[in-house]
Amino acid sequence: MTTKHASATPDLPLDMIIFGGTGDLSFRKLLPALYMAHLHCNLPPDTRILTIGRKPWSREEYINEFMESKAKPFIEKKAFDSGAWDKFLSLFEYVRMDVDSIEDYERLKAVSRPGVRRVFYLATSPDLFTNICDNLAAAGLVDGNSRVVLEKPLGHDLASAQEINVAVGKHFSEAQIYRIDHYLGKETVQNLMVLRFGNAIFGPLWQAPYIKRVQITVAEEVGVGSRAGFYDKTGALRDMVQNHLLQLLCIVAMEPPVSLDPDAVRDEKLKVLRSLRPMTPEDIARDTVRGQYTAGAVNGEPVKGYLEEDNVPPNSHAETFVALRAYINNWRWANVPFFLRTGKRMQKKVSEIVIEFSELPFSIIPSGGRNYGNRLVIQLQPEESIQLQMLAKEPGSGMHMLPVNLNLDLQQAFTERRAEAYERLLIDVIRGRLTHFMRRDELEAAWAWAEPILEGWSKSGERPRGYTAGTFGPAASTALMARENAVWAEESQ
Ligand code: BG6
């Protein structure tokens, strides 16, 4: 699939139109990110931000009830500047709308300026995407300069994702559609591309048999919080694996793209997704683990189990943890297992990719090291770091070796401010840069691989395994690794 790109248009005045403008994502991420973009002069000079919600608020009420009380606390204290904030607030209009009611779009039309670039950010449930796009188009609000940003999860399964893609595609060309996965906006994820493709030394080693195994972990300390209504229907596989973890896997596993053009990068990611070995019912039973947290303690504080959280149905089967072993059926990765793991209420917040290189073929140094394999550890969160674990000689007369880290200290090397993922991606949308967004075929390939796992679990009727909040998941996850004499990264430290 190739995307026909609109020719580079000079910066037009911008109307950023946010559906779901009174929701969680808006106050936690989008509005603070837009504030930072404004503070650093990254919004076009003539920008307005139109937020849409159902609440019968006036503009002033929106500013007081939402911007001041909810969004402002999410702005880093040291970045807050009251002059810039006041100016930022002056860009806002609040539009009360029922997004299913076509008449209400006239209200939006009355506020959005003609001849500007309209960016529609759909931070709503995906069930509403189709109606919103149809109604926008019917009201004459979509033109060649418009762009639409679609939040994840895009659909619930392959069929619903396809339906949404078709519906949105009726009004927007592929080059106007930005399917966002905020993991692609993280600095370290983008840095991984530079590490792989900007340095020659890893190239020859970046494949089987030199790489033995890859681990990708996204562990969170938080629980479901106030999002049970969404989360219970979604679960960790749809919420995290189908998108964030698979995107990370793609960046680790893809072939060098011919350039950084959006389609060049996305073509390579698509090949990876299409090469994922489909899981049979036996694979699912053997190679996947799903869990649900039970009461425990995180950071020394007692926390509830998932079933006790607000708005969670008493017998919910929603998984809050997934670990699985995946394979990529191609020459580069034949028989290299990719272990993916994510969970809520885990022992600590950590997102990392661990590339485990193969062991020494033979060791001439008798004091150890025979089974030693180097590891490249790319940590995305809580700190960004890249470390290469190697053996070095311990000072002294013997030849004793100890593992030490070759540490790429990015914080020290670059003192510049690092933009948050949403800020970076919003700026990409405004500037028309699609490289870090998912193309339609990529998204569908990810669903095509994930869906049988969901079906397999649902057919089995089994409950997810319980794990105590504050641990790294059910024992079966450790066992998944132990079967091949391996351990998860935190157990090898
Ligand atoms: C979101 C998920 O996409 O990513 C959330 O819906 C999850 O459930 C969040 O908490 C994690 O993002 P980050 O950037 O905090 O790792």
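Cβ coordinates are placed from backbone N, Cα and C, and glycine is handled just like the others.
Pulled from TrEMBL, these are the features on record:
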DOMAIN    17-191  domain 'Glucose-6-phosphate dehydrogenase NAD-binding'
BINDING   R54, D98, V99, K152  NADP(+) binding site
BINDING   H182, K186, E220, D239, K344, K349  substrate binding site
DOMAIN    193-488  domain 'Glucose-6-phosphate dehydrogenase C-terminal'
ACT_SITE  H244  active site, proton acceptor
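Taking the features listed in TrEMBL, we show where each one sits on the structure.
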residue: D98; record: NADP(+) binding site; contacts (Cβ under 8 Å, 6+ apart): R54, D104
residue: V99; record: NADP(+) binding site; contacts (Cβ under 8 Å, 6+ apart): F19, I52, T124, L128, N131, I132, N135
residue: K152; record: NADP(+) binding site; contacts (Cβ under 8 Å, 6+ apart): R179, I180, D181, N243
residue: H182; record: substrate binding site; contacts (Cβ under 8 Å, 6+ apart): K29, H244, A421, Y422, L425
residue: K186; record: substrate binding site; contacts (Cβ under 8 Å, 6+ apart): L380, Q381, A421
residue: E220; record: substrate binding site; contacts (Cβ under 8 Å, 6+ apart): T342, G343, K344, R345, M346, K349
residue: D239; record: substrate binding site; contacts (Cβ under 8 Å, 6+ apart): P153, Y231
Listed binding-site residues adjacent to ligand 1, that is, members of R54, V99, K186, D239, K349 whose C-beta is under 6 A away: D239
Protein Cβ atoms within 10 Å of H244 (active site, proton acceptor), excluding its own: 22
Cβ-Cβ neighbours of K344 (substrate binding site) (radius 10 Å): 24
Local confidence of the domain 'Glucose-6-phosphate dehydrogenase C-terminal' (193-488) - pLDDT mean: 94
Where D239 (substrate binding site) falls in three-state DSSP terms: helix
For H182 (substrate binding site), the three-state class that DSSP assigns: helix
Site extent for substrate, whole Å (max Cα pair distance, H182, K186, E220, D239, K344, K349): 20
